[in-house]
């Protein structure tokens, strides 16, 4: 008789029940692991699966997490380079992708990531045909479009992390400027996650008080308070962090967990995430950009109709045209 048999008496046979809230993270780089730990610390899944092509790194990361399982509510943390480990995931977060080389064109980086996605996406679909696909890899808007095309999923089940982080950065800087908590500062960054993102100055408010009514020049030239610099800090923020520490990780990881939470808990919260915007705000092409969207357990359920000013809408259309210029050159 083993120690286990001496210690434990079986009362009933345990029936195998699959995970109800399984989350997979593809790619165990800095962003992937920050996303994984953020998801675990918010108790969002009953099983976490990690996938990567680098077997030693993958094994090391999963062991490191498993060693801390006493401090977590999620006791089942698994990893493999074989995608069968991801089977029946509710949400699959894709953070894998090539890094931009010095002097490499954006288009070249995109095509390299498209080639990586051609392997990743069909494997996700094979093992989790009903999952919600969340793309985090950059350039996120174009790669969300690529994932949508390669997966064959309906548009509501393919979401890009988009400007959820840009908007969080915006609210943080706004809070610093006003000496308020970011959650009390309301403002939206929409459009492309990156250089051509669009700040919706007309909607910036605190407690329902529109800041543009108090300062009509807010966000424009000739504003003595230079609020335009807030958006510049949002755009430059990632570059600044990369310059200082080599990569971004924690904030994007927390942003991913924020989105996953809205999905698995069916919160119906509004987030600025990347979705198909053809036919909205004058956009004519099949592009993905961030607009305020409602997230719940079936994915992206609704899109909020923003009341944009003419110049804001013009910026959004320009952003869409820039992305389409890159997309139409891709070979899928």
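Quick reminder: no glycine exception, Cβ is built from N, Cα and C everywhere.
On a predicted model such as this, the values are computed, not experimentally measured, just so you know.
The NAD(+) binding site annotation in Swiss-Prot covers 29-57, 99, 138. Here residue 33 (NAD(+) binding site) comes close to 25, 61, 249, 253: these same-chain residues lie at least six apart in sequence, with C-beta atoms under 8 angstroms from its C-beta. Annotation note: residue 33 (NAD(+) binding site) sits in a helical segment as assigned by DSSP.
Under the heading substrate binding site, Swiss-Prot lists 106, 138, 169, 248. Cβ neighbours of residue 169 (substrate binding site) (same chain, under 8 Å, six or more residues apart in sequence): 189, 233, 234, 237, 251.
Long-range Cβ proximity for residue 193 (active site, proton acceptor), meaning a same-chain Cβ under 8 A and a gap of 6 or more residues, is found for 138, 139, 140, 141, 160, 161, 162, 163, 165, 166, 274, 290. Taken from Swiss-Prot, the feature active site, proton acceptor covers 193, and the record attributes it to similarity to another entry.
Residue with the densest Cβ environment among the binding-site residues 41, 45, 53: 45, by other Cβ atoms within 10 Å. For residue 53 (NAD(+) binding site) paired with residue 248 (substrate binding site), the C-alpha to C-alpha distance reads 21 Å. The two recorded residues, residue 41 (NAD(+) binding site) and residue 248 (substrate binding site), show a Cα separation of 19 Å. Taking the Cα atom of each, residue 57 (NAD(+) binding site) and residue 248 (substrate binding site) are about 19 angstrom apart.
Residue 53 (NAD(+) binding site) falls outside any helix or strand according to DSSP and counts as coil.
Between the alpha carbons (Cα) of residue 49 (NAD(+) binding site) and residue 248 (substrate binding site) lies a span of roughly 22 Å.
Per-site Cβ counts within 10 Å over the binding-site residues 138, 248 peak at 138.
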